[in-house]
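Quick notes on the structure that follows.
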Amino acid sequence: MAGGGAPAKAVEPQPHPPKEQLPNISYCITSPPPWPEAILLGFQHYLVMLGTTVIIPSSLVPQMGGGNEEKAKVIQTLLFVAGLNTLLQSLFGSRLPAVIGGSYTFVPTTISIILAGRFSDTSDPVERFKRIMRAIQGSLIVASTLQIVLGFSGLWRNVTRFLSPLSVVPLVSLVGFGLYEFGFPGVAKCVEIGLPQLILVVFVSQYMPHVVKSRKHVFDRFAVIFTVVIVWIYAHLLTVGGAYNGKAQKTQISCRTDRAGLIDAAPWIRVPYPFQWGAPSFDAGEAFAMMMASFVALVESTGAFIAVSRYASATPMPPSILSRGVGWQGVAILVSGLFGTVNGSLVSVENAGLLALTRVGSRRVVQISAGFMIFFSILAGKFGAVFASIPAPIIAALYCLFFAYVGAGGLSFLQFCNLNSFRTKFILGFSVFMGLSVPQYFNEYTAINGYGPVHTGARWFNDIVNVPLSSEAFVAGCLAYFLDNTLHRKDSAIRKDRGKHWWDKFRSFKGDSRSEEFYSLPFNLNKYFPSV
């Protein structure tokens, strides 16, 4: 046909190519924002980590016999230790912008120590508080040796070198999604405060940047500060207006802005110091139980480290750097035990989610936040207590966003796996399902009966079994790791299905210049702390 030709072939849609480093991050580890912006972002990290810092001591200290004064001192100590450990981790550990704070993982074992019968003979509540605190300190000091040895000896490096994107997905995903019980259930404790906070932070961070165009990314980058201040003022107006007068005690604790008792009890200036509660006491059974909690925290923090590296747009963590970070996290638990924080230390999952919300993975920002932690714990006790009195439902609303981001960060590793493989589907589906189902059984059993499914005369043995099987990330991560490394893994095609061919490119720290840039120690310290 004259002048004719074959019709143009339609262009086939192409899948999105895998990205070794997460794109569209405004500031990565080594590219800090301008100082004014960095200071505001650091303060925002400080606000976010306050939730766990306040909630855990507020729950545990009264059970130990302490009052508002002891609660304020423990919160200040935990804040000081968190700042110190965050600096150590960012300078000498993994070198990631990871906040090291308190962890819910240690709470069940701590409660088991609180309920020990040997403290019931003390009539003075403050003396009972100090005795229990010294017992918790002793168990934390012993438990810290597990991570210190596994990390600095390089043993954890030998474990993590068998990780693949396939086994990382359930671990990292349930590090975030597994904390769902601290999300909307916390919002619902005072829904008239929590729900507006949740709606407002989603609107400001996700919709406002598209409505109001700004090159400075004001709304998505500082959404936490904007929304927390607005809803906090609204909650205070409800409080002073008498909205909760005569309400149930539980409602008043969750909703009021003047119920914490921290502001009056907190001193203006106080420097936490080691053994401030007295010499630690040691019990073999409690130490073994806390050591198991430390191992669970080790597995969970491995997933959190990987999520932080992803949201900081770093190269995947070499096993040697992950092992070094774990070693310094063991030091963090040791410091927690020496100072007496009533809790162990772990990578803050909520602050990892904040990296994703702000798209700022700068190491300097997190170091500035550590400065705020130390400053408010020492020199501005009452002023810091004002921020610590933010109602818990406001914090829970933020958790909904941050934990979701971390869980989604785990799902992003699916891009390196073959999702058409039935082996991949089985490992993913089975490990995630069991990671949700097994802890649900253990937690429901404990809630109904007051003790876990394993209930013998030895409390320490009960905790050794019940605590790890109550952690979603631990169950899913260990199961995926086992299945991925035992189920027909020697087939070369399966190696590619697992994403192992991509992951192994980063096994050697010294062979990748980008890894050298992100993870090298400062001040020529690599010769003292080599990346083995």
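Positions of Cβ are set from backbone N, Cα and C atoms, glycine also.
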Give the range, chosen from 138-156, 423-441, that TrEMBL lists as transmembrane segment. 138-156
Among 262-283, 328-349, TrEMBL marks as transmembrane the stretch 328-349
Checking feature assignment: transmembrane segment per TrEMBL, candidates 43-62, 463-482. Which range matches? 43-62
Other than its close neighbours in sequence, what residues sit by the transmembrane segment (138-156), given a CB gap under 8 Å and a spacing of at least six beyond its ends? 106, 109, 113, 280-283, 286-287, 289-291, 293-295, 297-298, 302, 319-320, 322-331, 333-334, 336-338, 344, 532
Below 8 Å between Cβ atoms, which of the listed ranges 43-62, 162-183, 190-209 makes the most pairs with the transmembrane segment (287-308)? 162-183
Contact call for the transmembrane segment (74-92) and the transmembrane segment (162-183): at least 3 Cβ pairs under 8 Å, seq gap 6+: no
For the transmembrane segment (394-414) and the transmembrane segment (221-244), check the count of CB pairs under 8 Å (sequence separation 6 or more) and say whether it reaches 3 or more. yes
Do any residues, 6 or more residues outside the transmembrane segment (43-62), come within under 8 Å Cβ-to-Cβ of it, and if so which ones? 70-71, 74-75, 78-79, 82, 99, 101-104, 107, 110-111, 114, 129, 222, 224-225, 228, 260, 262, 341-343, 348, 350-351, 354, 358, 365-366, 368-369, 372-373, 376, 387-388, 390, 392, 395-396, 398-399, 402
Beyond the flanks of the transmembrane segment (221-244) by at least 6 residues, Cβ under 8 Å: 26, 37, 40-41, 43-44, 47-48, 192-193, 196-197, 200-201, 204-205, 208, 251-252, 255-258, 354, 357-360, 390-391, 394, 398
Give residue numbers and ranges for long-range contacts of the transmembrane segment (162-183): same chain, 6 or more residues beyond its ends, CB-CB under 8 A. 104, 299-300, 302-304, 306-307, 319, 349, 353, 396, 399-400, 402-411, 413-414, 416-417, 424, 427-428, 431-432, 435-436, 439, 443, 471-473, 476-477, 479-481, 483-485, 497-500, 502-503
